[in-house]
Amino acid sequence: MSEIKDVIVQGLWKNNSALVQLLGLCPLLAVTSTATNALGLGLATTLVLTLTNLTISTLRHWTPAEIRIPIYVMIIASVVSAVQMLINAYAFGLYQSLGIFIPLIVTNCIVVGRAEAFAAKKGPALSALDGFSIGMGATCAMFVLGSLREIIGNGTLFDGADALLGSWAKVLRVEIFHTDSPFLLAMLPPGAFIGLGLMLAGKYLIDEKMKKRRTEAVAERALPNGETGNV
């Protein structure tokens, strides 16, 4: 159970692919102009990570070490092609919005990295969980960045959600404030870099605060009974 918990915590927070490893920045910065686009690409990446980790882990004993990377890429490309066709069939509006960034998941360092670092060494169940956790960590980072950029740039949230979730999702669109013209800095790549930088700073501050609390808790437990640690 502790290993399962560690895999989940590492994927979602401690080893977050976007905020710690800084992998997959090209789609992260390019696609997150809206929360819907960010969520769509994040979920697609999560599905690819989960399926490729599961497949590669299952076949790891029959994969020659000398040609393992080409085999990994072939497996990843097959899964990405299937996911791309699913999005094209059932969410065509999202397919048009994401464009080239769906097939580019094949070359995403996150996917290949987890295949080599984790799936090739662990069992199928744990590898699938690792892929799902890493994918959801990246999805959360993309969604937060996309939401911030959409709110600041357009004053809306979940604009175009029907392209991802169907016609019923039109009710999810929220207008935070009205604007006649978008704030282009937030919508263009410079806004993505600024937003990502703020998120990195926020994660650092949270980690430092949590580390300080743990240190104080350990120090209090180490004190003899009746002492408070104050001079």
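Cβ coordinates are placed from backbone N, Cα and C, and glycine is handled just like the others.
As recorded in Swiss-Prot, the features of this protein are as follows:
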- 18-38: transmembrane segment (TRANSMEM)
- 39-59: transmembrane segment (TRANSMEM)
- 63-83: transmembrane segment (TRANSMEM)
- 86-106: transmembrane segment (TRANSMEM)
- 125-145: transmembrane segment (TRANSMEM)
- 182-202: transmembrane segment (TRANSMEM)
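In terms of C-beta pairs under 8 Å, the stretch of 63-83, 125-145, 182-202 lying closest in packing to the transmembrane segment (18-38) is 125-145.
Between the transmembrane segment (39-59) and the transmembrane segment (182-202), fewer than three CB pairs separated by 6 or more residues in sequence fall under 8 Å, so the two stretches do not touch.
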